[in-house]
Structures are given as C-alpha cells and as structure tokens.
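Enquirer: To start, I am sharing the structure in question, which I have written as structure tokens.
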C-alpha cells in the first residue's frame, strides 16, 4: 500500500467513528431513555477520546510528510488538504490548553442555561470571561502571527477572513436597516395565520413536503425533538422537527430548512463516502442550502400558493382568505428580540450584531463585563427597540458559552451564498416558479445537487459557490435585491 | 494512581465503547434507514476494531501482572478476574486465526440464510465445515490441553463443563420425552385462542405488562423489530417486540421474556456501572431470568387469570370461554419443528439435540456431511415426527453459521436455573400466586432483583444461583417437578 492508501484507510475508520459519534447525538435528542444521561456522557466522552487520539496520531503526520501531493489527482489532493488542515490545527493547540477548553466549556453551558433562566448576566460573566481568554489563547496558537479571529473563523469557514466578511456585511447592514424600517412603517401589514392545527397531520404534511424537496427517506428519517437539526452524512442523514398546535409554519419551515442541510449531505458523490470529501464543506455553504430551501424556495410566492391549497385540504378552512394573504402571513416581519425566531429581513441584522461583538471580545477591545451594555446599545440602534432582559439579549444564544466564536457569521454568509445561488438557479431553471407553484421543487433541488451539493469537500467553500454561479464571485448584491423586491411585494411598498 | 485504578479507568472506557457498539445494533434493528446498511457495516467494523485493540492492549497485561490481587477487596478481585479471563482468552487465540474466524463467519451467515431459503443443506455444508474447523482450532488454542468443547462453552457460561451439563441433561431428557408423549396422548386437548387482535392495543398492553414486571421505562424503551431482543446494560436497557394480529401471545410473552433479560441488567448494583460486574454474568443466568419471567410467572395459572380478564377488557370477548380454558390456550403443547416456537415441554428437547450434535461436530465424531441425517434421526426419536425439510431441521438456527458453538446448552441451563429459583422464590414469597392473579408480580421480581440480579458479575454463574437458592446446588429436579405438575394440571393427566 502507498502512504496515501495507508493514510486513507486510517482516515476512513476515523470518519466511520465520527459518524457513530453523530448518531449518538441523534439518539440522545430523540429516543434515549430520560434516565440514561449520566451513562451516555461517559460513552460519548470515551468515543471522543478515541477520535481525538486518532486525529492527533503521529502516524498521520508521518504519512502526510511522506506523501508527494503533486503526484496525486485532484480528489486525492483534496483529501490530503483536508487531513493536513485538521492535523495542523489540532497539533498547533497545546494538549493542556485543548484539555482546559474541553473542561471549561463542558460546565459553562450549564452555567449559561441557569443564568439565562435567572436573567442574570453577572452569573454568566465570569465563566464567559474564562472561555474568551482560553479561545483567545487557542486563536493565537492557531494563527501563528495572523489574525486570531480569522483562525477561529477558519474552523467553520475555511479560507474566509473577517475583513472580507466585514466588507460584505457592512454593505448589507444599512440596506437591511432601511428595509426593516420601511416594512415596519408600511400601511399594509399582513395578518398572521391563526387557528389550531392537528399535530399528527402536521407531521404527515412535513413528510410529504420533505420528500417533495428531495429528501431521501431510504437514507434518512424524521423524528420529533426539542430543537430541529440534521445529523449524519452519506447513507444515513436524519432530521428532526417539532410541532406546535398553533404554529404549523414552525414545523413546516424548520423541516424544509433541515431538509436543505440533509439533501446537501445525501447528494454528495457516493465515491466520497467516509472520506473528508464526504460531508458539507463549510458551515456557510451548509447554511446556504438550508436557507435557499427554506426561504428562496419555501417562502416564495409560488410555493406558498401550492402550500395554501394543500393546507386547506389537510386542515380545513384557514384564517387567511386567499393565497396572497397566506403569502403575507408566511413572510410577516414583526419586532422581536430572538434571532432564531426572526424573519428574512431582520435575521442578518441579528447575526451582524454578534459578528461585531465577538470580534471585539476576541481582540480584547470589548471586555466581557461590558458585553451586556454593548449588546443593548447596538440592538436598539439596529432594531429600534430596547432589550427588556438578558434572556432576550446577550444571553439568548448557546454559542459563546461553549466556545463557538467565529460561527455566527457563517449564518449570514450562508444567506449571501443562497442569494447568489438563487440568482444562478433562476437563470438556468427559468420554470422554477411554475414548478414551485405545483409543489414540485425537484428540478430546482436537482440543479443544486448537480452544481453544488455533489462536490462535498472537493473545492474550497467560496470556490464551490463561485463555480455553481458560473464563475461569478459571491457578493451581497443578489441577496439584497431579492429581499428588497420580495418585501416590497409583500408589504406593497 | 494504583495499577488497579489505571486498569479500571482504561476498562471503563472500553465498557463505554462496548455499550455504544450494542446501541448501534439496536439502532440497526429498529430505526436505521433501510439504505444505510453498507455505511453501518463500516461503522460497526471500525468500532469493533477499536474494541479489539483495547481488549488485547499489552498495557492490560502489564497492569494485570503488576496488581497484587490478594490485597484487593472482593469487588476489585471480581473485576480483575473478569478482565484477566477475557485477556487470557483473547491472547491465546493467534491473531491470524481470530482474523480468519471473523472473515469466514461474516460471510457464512448469508450463505446459511440462502441455503435455508432454498432448503439446501449441501449449499451450506462446505462453509459450515470451514467454520467447524476454525472453531475447533480456536477451542484447542483456548483449552491448552483441556476439553476443547468446554473451552467454547466457557465463553458463554464461565465455569460450566460439558460433562456436568451432560449429566444434568441426561436426567432431563427421558422425563421430558415421557411427559411429551403423555401430553400429546391426553384426552383433554386445550383449544387455541383464535380471533384478530388490534396491534396498537397489543403494544399498549405489552407496555402495561412490562411495567408490571418491573421494567423501568426511565432507563429503557420498547420498540418493534423483526426479532425480539434486549440490548444494553446499566442506565439504558432497551427491548423490542413484534406483533401479529392473530397471535397476541407472541407479543405478550416475547415482551415478558425480554423484560426478564432487561430487568436483570437494570437491577445490577449501580456501583458496578461500566465495569465488568455491570452486566449479566452468563448466558445461562440471563436465560434463567427471561424464562422465569416468561414461563414460571407469565404462563402460570395465577397470572393468566389476570391476563384473561385484562385481555377481555382490551380486546372484547375472547374465543376461550373461561380462565381455565385461557390457561390451557397459553400452555398448549403441539407438534412442531422449530425451537423458537416451542412450548415449555418440548423446548429443552430441541436444545439437548443441538447440544449433543455440536459436541460431536467439535470433537470430530460427527462429520458435517452427516449432520443432516444425524439431526433427522435424533429428531424423530425425541419428537416422534419426521423432519420434512432442512429449514425445519438442521438449517433452522443461525448459531452455528456464525460460529456460536457452546451457546445452545445455556438455554436449557437457564431453564434449569429458573426451576431452582422459582422453588426458592415460592418458599420465600408464599403469596406469589395471589399477587400474580392480581397482575402484580412486583414482589416476586423484587426478590429476584435482591437475591440474584443486583450482583451482576460479582459471583460465578453457578455460585450466584446457589446463593439465591439458600445454598442449594442447582439441579434439574425442580424444573422437572414444576413441568410435570403444571402439565398434568393443564392436560388433566
């Protein structure tokens, strides 16, 4: 066997064990008996231990050194690039620091949850201070002289830099604030959908919609969980959803969102199974798929036309009188503090706020003790509303408590990518609206599968989006144009 | 840390990974998407690889050598004994032989399944020949001069020997054959329960019964699967069942059987969690628990009295006119070829046949090419019926195809142990029938939990049964007396 083959055989087992770890997470959120938690914690820790040892195994370094990358084909080169990147990152962080981060973040999530329940930022600040310090040390170790925040960002969005994103987001923010103000001040305000909706019928409908969007039930399944998520790669990609009797859009759109993530994983070239190329290439590209399924397609006028008729079949008469009113109900923009409950207009403003604050936390420009005030000031500026309590403000997200700095911007990058991809898709599949209005997104999702999803980790994130867009570099313009046109229509601006 | 502490920390992680492997098996049989098989095979293999490497890790040998067992308390001594035993067994088998066994048995199961479907023993014989040869080599390596069959048996029933079992089973066989003949020739033949039974209601009823028998749903769950099984130890012990619209006893009694296995695992002292003592001590003792729940308690006159009334509530009028006729229907003895569908009278005859034949296969006294004839001759002798086709004869069980030689006798040993334990239980809990007739087996199952189950792997298998029986050594007598009395009652002999 060549060094490359040896490396890949070892890597394949590591990937397989990683899939098991993911499935344990799925099990925990869906079917695990409620009293099994303490045992499960030990099981997961033991498996993480095995995975960490494999990822830092000195043989991996030896194989990487021995391989002559130039002599390899493009797929093999991409595999080596991914393994090298992960090996370098893991090797750069001192073992003691990595252990301390694992230890602190395993307890800080609970402290955060308690503080949020008590609406007490001061109870969370000391451990957040510790997490920020540790992540700063980690970032410095990873950056080897470069920008520490970029080094963290690179874990979720390889190749992206804060300054690039900053330019993109700075262009986004004023136009989103302006759109938000115009929408909020519009004379026409769509009414919400009201009523109660049988939850079993909701589950049945979400399955039907998931399949229509291309989710392959032979390689996946849908269960209920507290938080919707997608889990696994390759031949076993499961999603979860939740239902509420008064909010059917919750289950429908969270399902379409997760179907976007899951389809990306399911459609990756089967030759890449259990290799570094066999999973979505970055958080931003992943989010572009979930968002384009959920928003650009799922919340379009065309698809909601079909959905309006289908929901009348399933649930009987609806409170919205026609398809236009239903489209308005799906796309209502209302004031709100919570990112995860936000609409398309305000969502990125929530993210941009976090992006700016977390860069200042990592650079030290913003002290943890001043975070609450900084958050509230910025929120009022962008949203025109005073934050009433920390659980509606800087304590609402779990991310920072577990050390996820550099993750937030990938949500907005995903939206920007979704804007670019939808523009390219419309140019290539001009009948997309006519298909969506029949509840048939299959040709659009096939375009995404063929042009982006199937590549998995073969190309760098920005490159795969650029290729799908026919060589056009991603920019915020298509997303802004889409949002401005759509909400001018919904709100009759 | 002491050598013992180091060993136990390492062992604890191995145990945790073993629990994950078990849970993957559960997932595969219950919730896994149907197209995920090929990926799952690689995942399971990767985890088995990790487990095997840990079990043969030379550090385990070093720790075992360094530990002064005499200085340890009884729990620690038992832990060391279990680890030493597993390490010795694994170390004695040459790596090449272990690999070949794994390779051959991974394909032989499929060959067996195809041969069974085709009713073609000759298609299975060559690979069975190979499996028998490999297992014989393994047995010789394990036995180091002792009896090879005993060395295989020891994997499932530590400390048991074939000659001991032979004496026990030789005493069992003539009286079982005699009882079988008397029952089959009796004037009074109970009628079966007929009708159709709502399958959702069956699932609801089995849950109710599982809880009544002490199954803890906070640390377990019940799902449907093709084959009923129990899986996991400690805080997460799951069972499966199956339903048939025309056979409600199938789901009820397979559930009570698996509840017996699961309660054993759930009731082990929590201090033994994720240690070698934290699982059932042997297959025989495990089967004693499943059988005492299913047969001695579940199929008793007392419990079926309650069940008759409860089933009338759930399903409406039944074909059996009263509790006595219902008791007869639960305990019908009918001719049949298949071990797994057998009644209490004939079950052990099925097992004893296999025990005798597999010993002769391993010793070489019986050639694989002569197995079909030997099976058919013996079957006719014990059951009075000619085998009509191999799928009803020597091709019916999966065990030999995957190398499980020495496993079968533990089923009957379990029945013998169940007989002994029920005798002791009746002496200590004289109100057992009065409780069972109210559908309340809790005091009986508590007695089993306190006297046997909680010990897990602390004592050797035979010892833990003897202790529970107040020092009386196990024998076949109580089982025979129980069966003769019960079936004289059912069949009015």
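Keep in mind that glycine also has a Cβ here, set from the backbone N, Cα and C atoms.
Where the annotation comes from TrEMBL, it is an automatic prediction and has not been curated.
Heads up, here are the entries from TrEMBL:
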type	residues	note
ACT_SITE	B:258	active site, proton donor/acceptor
BINDING	B:257, B:261, B:287	Zn(2+) binding site
Enquirer: Compute the mean position of the Cβ atoms of B:257, B:261, B:287, which form the recorded Zn(2+) site, and then list in sequence order the other residues of that chain whose Cβ is within 8 Å of it.
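Expert: After dropping the recorded site residues, what remains is B:230, B:258, B:260, B:286, B:289, B:290, B:291, B:293, B:294, B:414.
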Enquirer: Looking only at C-alpha atoms, tell me how far residue B:258 (active site, proton donor/acceptor) is from residue B:287 (Zn(2+) binding site), rounded to the nearest Å.
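Expert: One finds 10 Å between the Cα atoms of these residues.
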Enquirer: Which ones in the same chain are close to residue B:257 (Zn(2+) binding site), with CB under 8 Å and 6+ residues apart in sequence?
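Expert: Looking at Cβ-Cβ distances below 8 Å from residue B:257 (Zn(2+) binding site), excluding near sequence neighbours, one finds B:228, B:290, B:291, B:293, B:294, B:298.
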Enquirer: Would you please pick out, from the recorded positions B:258, B:261, B:287, the one with the fewest other Cβ atoms within 10 Å of its Cβ?
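Expert: Counting other Cβ atoms within 10 Å of each of the recorded positions B:258, B:261, B:287, the minimum falls on B:261.
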